[in-house]
Amino acid sequence: MRNRWLIALAAIGIHISIGSVAEKMGPKKSGLWSTLFFGIGMLGTGYALEAHSLTLLYIFYGVIGGIGLGVGYITPVSTLVKYFPRNRGFATGLAIMGFGFAALIAGPLMQYLTAQYSLMQTFQILGVAYIIIMALSSLYLKPPTNHAATATTDATATNSTEKAQTTAAARPANTLFNRCMNAHEAMRTWQFSALWWIFFINITCGIGLLAVASPMAQEIVGMNATEAASMVGIIGLLNGLGRIGWSTISDYIGRPFTYMLFFLIEILAFFALGHTSNSFFFQFLVFAIITCYGGGFACMPAYLSDLFGTKALSAIHGRVLTAWGFAGIAGPMLVSFLRESTNSYSGPLFVFSALFVLNLAVAVALKVFTKDHHFEAEEKVVEESLNNTSVTSA
């Protein structure tokens with residue numbers, strides 16, 4: 001329970017204002033600040049474990065490390081999406097796929113290091129390594145040249161007529177609200193609340209499944225501990241592949257239809273999980289759910305940019321990510337409560353299936369009651385910037 005609240009603390013309190021700060025600083029500075037906070041968090045965590053101090057663990061891992069995690073998660077996503085305006089899903093999927101695949105590397109690495117060194121030394125090694133890798137990577141982060149210029153147009157235009165004309169030219173004509181929105185404006189729309197809700201439910205049910213995947217497999221279909229552990233390992237792989245796969249598909253069928261497909265799959269899969277006795281079919285259903293879980297993360301930044309533009313994407317994305325923090329608490333607690341109340345996993349699986357019925361209804365409403373949106377002007381600006389860069393390099 002303590003670990004659950006610790007992880008939730010790392011995710012909740014860092015996203016509300018971090019996105020706005022990251023947007024103002026720019027990707028390079030944001031990346032370096034992320035490096036600083038995350039590195040200090042890792043080094044401090046080692047000291048906290050050595051000192052057996054829960055308070056210091058909350059401070060270094062939960063707060064300081066959490067700030068670094070939040071900034072580091074948002075920054076590359078909001079930067080990449082500006083380079084690929086016609087393939088926003090693919091761009092965000094690339095960035096968020098790395099977050100999903102990291103568990104495949106970090107788990108075995110942690111096992112190796114803890115077998116060779118103390119916990120304090122392990123976190124010191126990781127802290128130094130992360131600082132070096134993240135700092136070097138941050139130096140390469142920058143927005144497209146023309147995109148950065150467009151973002152500062154309002155501040156530099158001195159003549160009111162010129163300012164209005166320039167702003168109108170820089171803003172897309174066929175968007176949800178005919179312009180890019182800041183975070184405060186976006187939060188006042190029902191579309192933002194709807195996206196927050198479906199994100200929250202998708203993560204709540206996904207985390208709930210991840211928390212009990214191994215014991216549930218052993219109870220429902222009689223898998224042994226080794227088989228269940230192998231399934232969990234494949235889950236980590238498919239979590240990452242689902243992010244890049246679904247986000248790329250979303251560029252072709254659109255984000256609204258992608259989320260509707262997520263929820264339809266999850267409705268059927270969660271319901272079927274409680275009614276199967278075949279271990280292969282059970283694993284197939286779990287893997288299908290996990291790809292949708294990962295895909296939900298990867299497609300969200302692209303969906304937000306479709307609706308509200310990329311000018312304040314970091315800030316808007318940061319606010320939506322608060323759903324992740326709340327889901328980190330709700331998911332394991334809900335599945336544990338329902339498991340104990342019903343004395344089986346059929347209860348939580350049925351409830352999760354029902355929640356996705358509600359999610360599907362919200363996703364349909366987003367499609368039906370939100371007009372098509374396409375940032376043509378923004379795409380043109382970025383493409384011209386990239387073409388000019390290519391000519392200059394040649």
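Along the chain as shown, residues are numbered 1 onward.
Glycine is treated like the rest: Cβ placed from N, Cα and C.
Annotated features, as they stand in TrEMBL:
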DOMAIN    1-371  domain 'Major facilitator superfamily (MFS) profile'
TRANSMEM  32-49  transmembrane segment
TRANSMEM  56-75  transmembrane segment
TRANSMEM  90-110  transmembrane segment
TRANSMEM  122-141  transmembrane segment
TRANSMEM  194-213  transmembrane segment
TRANSMEM  225-246  transmembrane segment
TRANSMEM  252-273  transmembrane segment
TRANSMEM  280-304  transmembrane segment
TRANSMEM  316-337  transmembrane segment
TRANSMEM  349-369  transmembrane segment
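In this model, the domain 'Major facilitator superfamily (MFS) profile' (1-371) carries an average pLDDT of 85. Against the transmembrane segment (122-141), stretch 32-49 has more CB pairs under 8 A than any other of 32-49, 194-213, 280-304, 349-369. Taking every recorded stretch in 280-304, 316-337, 349-369 and counting its Cβ pairs under 8 Å to the transmembrane segment (252-273), the highest total belongs to 349-369.
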